[in-house]
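These features come from TrEMBL:
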- 15-33: transmembrane segment (TRANSMEM)
- 45-78: transmembrane segment (TRANSMEM)
- 98-121: transmembrane segment (TRANSMEM)
- 142-160: transmembrane segment (TRANSMEM)
- 166-184: transmembrane segment (TRANSMEM)
- 204-224: transmembrane segment (TRANSMEM)
- 236-255: transmembrane segment (TRANSMEM)
- 340-359: transmembrane segment (TRANSMEM)
- 383-406: transmembrane segment (TRANSMEM)
- 427-448: transmembrane segment (TRANSMEM)
- 468-491: transmembrane segment (TRANSMEM)
Amino acid sequence: MSTPTPIAAKAPPTIPWGVVIGAVAAAAILALPEPAGLSIAGQRMLAVLAFAVIVWLTEALDYAVSSVVIVAMMAFLLGTAPSPKNPAVILGTTGGLQMGLGGFSNTALALVGAALFISVAMTASGLDKRIALRTLSVIGTGSRRILLGAIVVTILLSFIVPSATARTACVVPIMAGIITAFGVDKRSVFAASIMMMVAQATSVWNVGILTSAAQNVLTIGFMRKILGDSPSWMDWLVAGAPWSIAMSVALYFIARRLFPPETERIEGGREAMKKALSELGPMTGKEWRVLAIAITLLGFWSTEKSFHNFDTTSTTLVGLAIMLLPGIGVMTWKEVQTKVPWGTLIVFGVGISLGTALLDTKAALWLADIAVRSLHLETLTPFWVFAALSAFLILIHLGFASATALTSAMIPIMIAVLQRLGGDINVGGMTMLLGFVVSFGFILPVNAPQNMVCLGTETFTSKQFTKFGLWITAVGYAMLLLFALTWWNFLGLLTVAK
């Protein structure tokens, strides 16, 4: 008679240590005596902020799950505190919940949602793949040209695919196919430089184009909510694109210097490219419609405030509506709902709520006062204020895996710091420039989703990526300072015109 094999007991589920530390930090802040100059609601928002930052830094919870927890905390912690507007009245959980969900009524959320849907349409139609292959075939198939092609493809897709992760997910398989077709070892220096270039160029062009990344739209949302105004799509492009162009050139030469390819000439490259294009066949009706809508949207975005007063969100929603219409559209709702990352929208909405609540309860202003006094920022010129705040954002980004989370936690505080400093600082202009810095996820693979997508190809190591990223960050920061002294100073983005 055989003896039954004992079944190993499953380890009981444990609470992630990041959640425990976040909860302890929040409890410690709540237990402190009420700080001078800070309301009870403000103190409680600092507790929520501490929990959020620790959970985001440690990635103890999925971002969407952490967002739900944050809303629940705001509902009860703010709901049992005196109202920020009328301290004689308890806000109530309904009021606390309204503050927790307030971000979902911000127009920036609608723009991000529409952008994600349009990204799905681009991918579903195959237009993004066709543009990438056609661009690469025109540029050429030598090792230098392919590296250059990776940059150019990323730039072109940044204009019409409003999602960094979606752009990377489109380009990576194409580049992987090229590496295979050319018979190049995927662990070669050449393969590594191509894939790292895709990730880094994506981050660089997140700066240059407003609609290329969610964190840009979140920055705009905070500016509209707090400052009452925000730059147009073209304003952002005029300020950011020159920096991105300069950095694209720097990217190419840094990659060539750090990772010179084993060979300059790749046999059979042009034939492989022609084969890939022929397999796509002629442009389909769906592709033509997506292209027409994308070009039309670009036209409306770029002429906002100069030829018309239709805001970017409204025109994008019209484009999305056309894409979803039966007969003339390019996708059905069933296709959309299975492919859109809904968690991103939840994180985005809660991020706006978190930042707005920090400002409404004066918690952000209280932190700003401490920062200004401790760092003696009031003694600095606008240029050095920008240099200091940019360096801070670059350093703290090392602990964040989401630029959206970083924006949610830090941009409201940056705005409060700039408002506290006052003087001749252009608060709106410098906020936009600090929004550029949020995209500096160059150093670690975990600092941006596109980095992780490229790392998954196993063509490079984290050590190689960090080596590349440190150089890019150093050059990028130097470029920030150079542009602050020249182009951005000319545009009046650092100081108020006298």
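In case you wondered, yes, glycine gets a Cβ from its N, Cα and C as well.
Note on the transmembrane segment (45-78): residues 16-19, 21-23, 25-27, 29-30, 38, 91, 93, 95-97, 99-101, 342-343, 346-347, 349-351, 353-354, 357-358, 361, 363, 366-367, 399-402, 405, 408-409 of its chain, located 6 or more positions outside it, place their CB under 8 angstroms from a CB of the stretch. Here the transmembrane segment (340-359) does not lie next to the transmembrane segment (15-33) in space: the count of CB pairs under 8 Å, restricted to residues six or more apart, is fewer than 3.
Same-chain residues lying 6+ beyond the ends of the transmembrane segment (468-491) with a Cβ under 8 Å from its Cβ atoms: 196, 200, 204, 238-239, 242-243, 246-247, 250-251, 254-255, 258-259, 383, 386-387, 390-391, 394, 429, 433, 436-437, 440, 442-444.
Taking pairs at least six residues apart, the transmembrane segment (236-255) and the transmembrane segment (15-33) share fewer than three Cβ pairs below 8 Å and do not count as touching.
Panel annotation: around the transmembrane segment (383-406), residues 52, 56-57, 59, 63, 206, 213-215, 218, 344, 347-348, 351, 375, 377, 414, 417-418, 421, 425, 430, 433-434, 437-441, 443-444, 446-449, 473, 477, 480-481, 484-485, 489, 494 of the same chain, lying at least six beyond its termini, place a Cβ under 8 Å from a Cβ of the stretch. If you look at the transmembrane segment (427-448), the same-chain residues 6 or more away from its ends with a CB under 8 A from one of its CBs are 164, 199-200, 202-204, 206-207, 213, 215-216, 219-220, 222-223, 227, 229-231, 235-236, 239-240, 243, 382, 385-386, 389-390, 393-394, 397-398, 400-401, 403, 406-407, 410-411, 414-415, 418-419, 454-455, 462, 465-466, 468-470, 472-473, 476-477, 480, 484, 488, 491-494.
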